[in-house]
Amino acid sequence: MGGRGGDPQTGPLLEKLPESSCSSSEPEQHPVKRTGTVWTASAHIITAVVGSGVLSLAWSVAQLGWVGGPAAIVFFAGVTVVQSSLLAECYVSRGDPERGGLIRNKSYMNAVRFYLGEKRQMFSGFFLSISLFGSGVVYTLTTATSMRAIHEANRYGREGQGAPLSTAAAGGSDVYYMLLFGLAQAVLSQIPDFHNMAWLSVFAAVMSFFYSFVGFGLGAAKVIENGVIKGGIGGIPLVSPVQKVWRVAQSLGDIAFAYPYTLVLLEIEDTLRSPPAESKTMKKASRASIAVTTFFYLGCGCFGYAAFGDGTPGNLLTGFGEPYWLIDLANLCVVLHLLGGYQLYSQPAFAVVERRFGVEAWVVEVELPLLGWRRRVNVFRLCFRTAYVAAVTAVAVWYPYFNQVVGLIGAFTFWPLDIHFPVQMYLAQNKVAPWTTRWLAIQAFSATCLLVAAFASVGSAVGVFGPNRT
């Protein structure tokens, strides 16, 4: 999953979530030395975008076919370039009559509050909460799939390809692995500031790049081995035209989930030196990194579809049988990456609730004399974080439809977080007059994205909640 679609590995995702007592949208009293360049910004963006979302792209291309699949990936790449350019302009505000000086908006949520007000910030916070919670569900589903794939690959390695599937694999149930992952997250969530540990971002980036490159390479190797490019112009044929429409919608949601990095863009821009203007450097970095990412996404998606055709799996890594050791290692990297990545999404959500309820008032002394153990335990933190992880795990168990859930989360939050608020902030920052050519062009861009997101949201919702889940 990247930004959101990938993974926010550039630092704590939204450490600067709404706070009533402070804001990073203030003139700086003590200038900070910023040394970032177009190269460092590009590296941050690529790291933020490339993530577990790449594993579902082959399935998405398979639903859309050889024309629609690549076209959809390029379309969302173009949308990401445009919206990132609009948002990059909102980092600096000059000549504010009330505050004076140069105002730096160092995070997404504070930019929304600065340009659009607290009510809009609360509205964006609603979608942000869904995105954070939904990403936890997606991570749980992805990890369970990879854990089962490791187990099955080991069995095939010992017993050969003819070995019967295990009970879990035969029944398609990953509940056991979801519960194991949820238990691990319940423990990790109790570690204070786990998501701020310096090594976590580097570790997550290395893991995500490794398994992504493995998927890319194995897909290309299998196409060469097959000696033929599988697939068709219209994608995987389905019995019902309506079912095909919903599958197309779900695949669009999956691609939408894989691209945007809106939530960390301003934090990346805040690292850049000037001159030149930070927005110019950020735009250049965005174009370069999205071009690289798009090439990589097209490779994973198209090679995966070309290798498996109508049998393209929802998670690319689960489609390969050999070499066992490399597939095991790639799936292990997925598990290790998402163990930490889950906390990058969850810890900011914890912080918001715990600030609101005054968590420090719930600290008690716990003593176990027989073990010689005595610790201060925060009861609220223990209960709330455990309940949150349990809720995420329960939703994953209840709706274990990887591609459909990815599509629903990606599509539902895509327009408000990645399009609507950046567009409105840009219009406010640049004081664009209504009904001018520029205003009409930007509103047309937003309306087009809204229609695509609505279509993808409905189709993904049918896939998750419908009686005949597709």
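Glycine is treated like the rest: Cβ placed from N, Cα and C.
All TrEMBL annotations are machine predictions without curation.
Note that the structure is a prediction, hence the values are computed from the model and not measured.
TrEMBL has this to say about the protein:
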type: REGION; residues: 1-33; note: region 'Disordered'
type: COMPBIAS; residues: 12-26; note: compositional bias 'Low complexity'
type: DOMAIN; residues: 34-463; note: domain 'Amino acid transporter transmembrane'
type: TRANSMEM; residues: 38-59; note: transmembrane segment
type: TRANSMEM; residues: 71-92; note: transmembrane segment
type: TRANSMEM; residues: 123-142; note: transmembrane segment
type: TRANSMEM; residues: 198-221; note: transmembrane segment
type: TRANSMEM; residues: 288-308; note: transmembrane segment
type: TRANSMEM; residues: 324-345; note: transmembrane segment
type: TRANSMEM; residues: 405-427; note: transmembrane segment
type: TRANSMEM; residues: 439-465; note: transmembrane segment
Sequence-remote partners of the transmembrane segment (405-427) [C-beta within less than 8 Å, at least six residues beyond its ends]: 1, 4-5, 53, 56, 79-80, 83, 86-87, 89-90, 111-112, 115-116, 120, 123-124, 127-128, 130-131, 134-135, 137-138, 141, 249-258, 260, 262-263, 396, 399, 439, 442-443, 445-446, 449-450, 453-454, 456-457, 459-461, 463-464
Residue numbers, six or more beyond the limits of the transmembrane segment (71-92), whose CB comes under 8 Å of its CB atoms: 57, 60-61, 64, 102-105, 108, 111, 115, 251-252, 255-256, 258-262, 265-266, 269-270, 277-279, 282-283, 286-287, 290-291, 293-294, 297-298, 301, 418-419, 422-423, 425-426, 429-430, 442, 445, 449
The transmembrane segment (439-465) touching the transmembrane segment (288-308) per 3+ Cβ pairs under 8 Å rule: no
